[in-house]
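**Q** I'd like to ask you about the structure that follows.
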Amino acid sequence: SSHIHLGFSLSLLCSVELNRGGLNAGMTEFQEKLRQQHENSMHQELEKLLSTTKGVENSRKDFEGFKHLFHRFLQVKGPSVDWAKINRPPEDSIQPYERIHAKGLPEAIAASLNKLAVVKLNGGLGTSMGCKGPKSLISVRNENTFLDLTVQQIEHLNKTYSADVPLVLMNSFNTDEDTKKILQKYTHHRVKIHTFNQSRYPRINKESLLPVATNMGLIGENGEAWYPPGHGDIYTSFCNSGLLDKLLSEGKEYIFVSNIDNLGATVDLHILNHLMSQPADKRCEFVMEVTDKTRADVKGGTLIQYDNKLRLLEIAQVPKAHVDEFKSVTKFKIFNTNNLWISLPAIKRLHEQNTLDMEIIVNPKTLDGGLNVIQLETAVGAAIKCFDNALGINVPRSRFLPVKTTSDLLLVMSNLYSLEAGSLTMSEKREFPTTPHVKLGSSFTKVQDFLRRFESIPDMLELDHLTVSGDVTFGKQVALKGTVIIIANHGDRIDIPAGAMLENKIVSGNLRILDH
Ligand SMILES: *[C@@H]1O[C@H](CO)[C@@H](O)[C@H](O)[C@H]1NC(C)=O
Ligand SMILES: *[C@@H]1O[C@H](CO)[C@@H](O)[C@H](O)[C@H]1NC(C)=O
């Protein structure tokens, strides 16, 4: 769990006086001296690290970004939003998708597609689902991985519209090597794939505020000393990699950015067309796809009007007294899907002006050895306030289909969805538009265990709610309908027999099926 940096936590700095005003205001001379000391020590340590190996040009660039972030971390005080200044976004700054859709598509949509590149955030590992290596390489449907599905989607665009839409993967040092090995299998596909690395930043000892790393290597304990600094890093590392300039020179104007584990994040031609048909002087530089909040997503970031700009408000930025208000589904009705459409020339301009400003997320961690560290991160959507004519589009829920857990995986593997050209669509046989609520217990957390426990994926077309806990297995061709709760207490085991149909049932106790 992470939280936004609300006030500089070092006790010495805070003990003097806690100023809740703007940046820097009221920082005493003493505090300023301390801050300087921390910053200088950090810079010295970074130089020492660089001197441990040769050929560190990329790392030097990374460290420039890190220094900037660390500087802001030491300086920023007080909550980053003043609750009284928050306004509801003006009517036309969050448009319903239906209005965008109603405009229809022009003949020349291929020309618009040729100005687009698709960027997938591919820095994450599959650890939380019990998998080694990049998350994008986990199989999600018919042996297809997240990456396979993405490639199929883009290839489909090429085939249908004869359009050239490149795929760009933002890798991290954790995922780059394994991803590149896999990319070879797409050489004969009709899709151009580019990759770039996001930065590698040093984790900071929570007490000393100095790097944990003893050298630049990633081997052994020292491997734990580094982290990829969140997807807000995309702007800097995309520019630094040279790829942004390359795409601009090929006539690309927008990128569509999304998490690689969001299977609903397909290229939407209507949104693309909306962007491309704006008059040049009113070009919308940033679109955030938002969707209606349900009780399951009360923690998601939302859009507010602040200082005359659209701004992303995350729960961690909310003063404690207003957290319940923030979570309410009636006051803040929508949340960020992290599907973003961003103007490439605008990124370049803001990067060159050095005016991309994103709230710092301080993510505390405990390393294997027990050491408490913090890592400073930023989120890509937080930059929305820096762009001109930013817009929210309230899209259907189907564009937000993240697979974070095996419960999500069960849904996307089931007959609730059908797969076509790499895209999942809700089956027409389902009579309600909502997805069932699925909660699988800890025996299902790892993908391997999950797969072992289902001989085949149950029929879920009429399911509303499923809770499974304990040592439970499912035979072939089980059907689940309505609300089904299956609970095997400690020491018990429940095998749901092949062909069983459970409708509005609670199953508990012991139910063994033995081979004979
Ligand atoms: C990206 O990171 C990997 C892992 O650290 C490294 O091997 C590779 O050379 C990097 N690529 C570039 C272009 O810097
Ligand atoms: C996409 O399609 C066009 C037209 O069929 C083709 O010329 C182009 O090379 C294709 N792009 C890729 C990357 O294969």
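Each Cβ is built from the backbone N, Cα and C atoms, and glycine gets one as well.
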**Q** Which one of ASP92, ASP261, ASP268, ASP368 goes with LYS135, GLN198, GLY230, LYS404 at the UTP site, as TrEMBL has it?
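**A** Between ASP92, ASP261, ASP268, ASP368, TrEMBL records just one in the UTP site with LYS135, GLN198, GLY230, LYS404, namely ASP261.
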**Q** When a 10 Å sphere is centred on the Cβ of HIS231 (substrate binding site), how many other Cβ atoms does it contain?
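**A** There are 24 such Cβ atoms around HIS231 (substrate binding site).
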**Q** May I ask for the distance between LYS404 (UTP binding site) and HIS231 (substrate binding site), taken between their Cα atoms and rounded to an integer number of Å?
**A** 16
**Q** For LYS404 (UTP binding site), list the number of other Cβ atoms lying within 10 Å of its Cβ atom.
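**A** Neighbour count, Cβ to Cβ under the 10 Å cut-off: 13.
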**Q** What does the structure give for the C-alpha distance between LYS135 (UTP binding site) and HIS231 (substrate binding site)? Integer Å is fine.
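**A** Between the alpha carbons of LYS135 (UTP binding site) and HIS231 (substrate binding site) there are 15 Å.
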**Q** Quick one: pull the CA-CA distance for HIS231 (substrate binding site) versus GLN198 (UTP binding site), whole Å only.
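**A** Here the two Cα atoms lie 8 Å apart.
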